[in-house]
Every structure is written in structure tokens, then in C-alpha cells.
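Enquirer: The structure's right below; bear with me while I get my questions together.
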């Protein structure tokens, strides 16, 4: 269709294209300036070293990456910590979310109440949640250890012993975020037609068989989405670490996102911190691509 | 034992199990309140949940310790501004990506989608220098610009596009027939129809801005310009140790209004989040 309505030169198609670009241009311009630009810049910064005294930067090539991968032991600790954090958080979070969703997906009495309870931390700010848990996990007089002492357990100094600190951060982070995954699972469960499970039941299948052969396969796309969201979420955890442990004790909870902040804004190692940010970018990009491939393979 | 009693027992077991699981979700809020009402001396010394003496003075002390009312207002106005701007710009872009045919739109979409999951930590360092150059250090500008044009704004655009794709076209075509411009169709026809999507995206965006922590930490120095999360983390004595009674009282003041809104609009809020997750 090329009939011009108004004006001699602009076709309808051209006018639509102009409108289209005008509509997207505000968000697109901002996105270019505050996201794409900085994303390109972080690659550049990662090849430079900033001198605090002379206030100048010079090109060092891949030196920052070599530094991270070969010379700096902290980097490997950080990577292991991030891995441990994800390996602890993701399965725990997803299993709990699935269990809660299975228990609460039907509209039985009380289900709405429990859903409200388990979702409440999701809308609470992470800072508030971390502050309250830091309070509860204090060594001698924290509520958790007091409760444990009632049943005769002498609780550890949660946030100041390396292994317990990691466990505490994982556990409180799961509590904070599990409600979201529960809701996503509930939405998916509710979209499974009742007839499927009813038919299986009539054939004599028990609850576990129905779950394994019908529910679980039908949930697979949701599980994939939830897994990617949760892994990415675990890689960018910052506020919990900042408030509960500060990366300590002895770097036991120093994870990648916090390490970037620390190097960039506490020690002003701009180049090195940028190299770390690039590594985080690559990790997340790899996860995104993996998700796309898995999704395509399913079809 | 009859089938019926057996079922009843199973049900009761389920409820007891769920109640036990609910403890670590509910208990923190109760302890927050309890600690908020205790004096500095008995925040830790008394094990009881109910304070021996209720210290309402904690709440007035918060405001003496730092400009808490001002900080509260900062969080509120920034979140409202970010939400309003995001809704407008994201719905407009989302509409164009769903409805208008123009060369390059697929590329724009791909570009935006690739940023959906990128955490702000990746770009925070260059953004620091950019904001410095723009003269936005120690202002609220970064806290408005970065959510609007970062992954949150992108997600809003994407969600709006998905919504418009599912919307029947007939009404908009009727609007065109009536002589409305493309902007007029978007603004007067499509936008009023998209109220459910707008409220869902609005809720998520508001909470995102309200809870933002890294950006305020990096860009804001003046205590007057602090937002709530930053203010909450700032109740420490001269040794850097937390002043628990004040910190918990302030946390309660920040959290309770949100919880009340959440309980009142529970359905809507939960559904908004469900929508944002289904996007993938």
C-alpha cells in the first residue's frame, strides 16, 4: 500500500515508520546512554589501569584479566564463593518453592493466607530483611540462638564463622526470594488442565506417579525460566552481603557482585573492577544463551 | 479408622507443617516490632518478645538521629517519579514494538531483550564516571535515570509489548477511522485499555525503585539526600556498631506501611509479580 494520504512525499508506510521510531526513541536514547554506552565502556576500562595519584589511566591490555586469573588468589575464592552461594541457594529455593506451590495451588481454605505469608518477604526491602536477620542471628543474645538453647543446642556465632556465615546468607536469601518462585509455580500449576490428573487418577495412578509423569513434565518450561531467574539472581546478590557480613569473615562470603563494588568503590581499582564486571557480564550472557538453546531444543 | 478421619488427620498434619514452615517468614516481622519498642538496654538483655516497658521514644529519636522524614520523602517521590516516567515511556515504546511496523523494530526488540537480565553491577562503574561528568553526583538523578533506562525500564517495555500484542486491534482501527493520529490512538484508545498491565508494571517498578540500594550507595553522599534503604543501614554509633533499637524502629516504620498496602492489595500485587516472571 503506497497511496499517500496527506502531503505529496510521505507514504502511509513511511509515516508509520516515523511514528514507530518516535515512540521508541525516548527509551531507546536513554538505554543507549545509560546502558549500552556504559557496557561498551566497561570493556574499555577493563583494559586500563587508573592511577590515583596522577589521576590518569593508561592502557594495560589484558593485564587486569591476567591479574584476576593467575596472580590474585582472592579472585578464585570469590568465584568459588559465588558458586557455593548459587549451588546452595538455587536447589533449596526451587525445591521449597515447588513444594509450597504444590501444597498451596488448590484453592483450599487457608491457602491464600499461607501464600500471603510466604510472599511477604518478596515485597519487603532486602535491606530491611537483612537488618532484621542480622539482629536475629547475633551470637549470644540473638533470637535464633536463644530458641536453640531452649532445646539444648549451643548455637554458633552465625555471621562470624566462615561456614555458618555463608549458610546464614544463603538461608535468609532463600526466605526473601522463595515466595516469587512459589507464585510462578502456582500460576503454572493452575494452568494445567484438571482433566489430565483426573484421568490418571481414574486409571489408578497414585499422587507420586501423577506428579512424575504428568505435572513435572508439564512444569518443565516454568522450571527452566525459574532456574535461570534464580541463578542470575544469585549472581547479583549484593545488599544481603553488604549488610549481613560485608564479605567476611575472612572473605568467606565475598561474592562476585560485592567484590566488584569493593574493588571499584572502596579501593578504586577501576580497571580491575571493570574486568570483574566483564566477567559477570559474560557469565550472565552465557546463562541467557543457554536458556535460549534449551528452549529451542524443547520445541 | 474411616477414610474421612484419615483425610482429616492428613489435613491437620499439612497445616501444622505449613505453620512450622511459616515461622521464619513471620517471626522476623514480629521480632522487628518487639525490638523497635524496646529500650537500648533491653533489646538484647531481655529474651521476652513483649518489651518490659514500651519505648515509644525510639520513634522520636530516629528523627533526631538523622533527617528521617526527609529521607522517607526522598524514597517516596523518587519511586513515584520513576514509576510515572517508566509507565509513560515504556508503554509508548511497547506499543510501537507491538503495533507499528517499521524497519529496525526487530533489532530494537532484540537489543532490549538482551539487557533484560543484566544486573546493574555490570555497568555501575562506567555509570559512575558518566554521572560525574554530567554533574549528577550526589543528586537523585542517577536514582531516576538508571532504573528508567536500565533493565527495569527494559522489562517494563517488554511487558507492555506483550500486553499490547494480546489486545484486539479493532478498537484502535476504529480510532484511526475517527481521524486520531497514531499518538492519539495509543494515548486515547490503547492506553485506557491497558490499565491491568499498567498497574502490574507500575507495582513492580515502584517496589524496584523503593528497594534500590546499590545506586544510592554509590551516587549519594549527603545524609539529606539518602533514600530509605540507605538510611536504615545508617543507624550506627560512633564505633560503627548498630544502634539496634533505633535501627529496628526505623525499619518498622519503613516496612509496616508497605505490608499494610500489601495485605490490602494482596491479589493484585502477587499477580503483578506472576506476570513479570511469565515473560521469559
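Cβ atoms here come from the backbone N, Cα and C positions, even for glycine.
Where the annotation comes from TrEMBL, it is an automatic prediction and has not been curated.
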Enquirer: Can you identify, from B:185-210, B:211-236, the stretch that TrEMBL calls transmembrane segment?
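Expert: Of B:185-210, B:211-236, TrEMBL gives transmembrane segment for B:185-210.
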Enquirer: Identify the transmembrane segment range according to TrEMBL, selecting from B:46-67, B:244-265.
Expert: B:244-265
Enquirer: Assess whether the transmembrane segment (B:185-210) lies in contact with the transmembrane segment (B:76-98), where contact requires at least three Cβ pairs under 8 Å among residues 6 or more apart in sequence.
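Expert: They are in contact.
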Enquirer: Taking residues 6+ outside the transmembrane segment (B:105-129), which of them lie with a CB under 8 Å of any CB in it?
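Expert: The answer is 96-97, 142, 146, 150-151, 154-155, 157-158, 161, 214-215, 218-219, 279.
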Enquirer: Mind checking which residues reach the transmembrane segment (B:76-98)? Cβ under 8 Å, same chain, six or more beyond either end.
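Expert: For the transmembrane segment (B:76-98), the sequence-distant neighbours (Cβ-Cβ under 8 Å, at least 6 residues beyond its ends) are 105, 108-109, 140, 143-144, 147-148, 152-153, 156-165, 186, 190-191, 194, 197-198, 201-202, 205-206, 208-210, 227.
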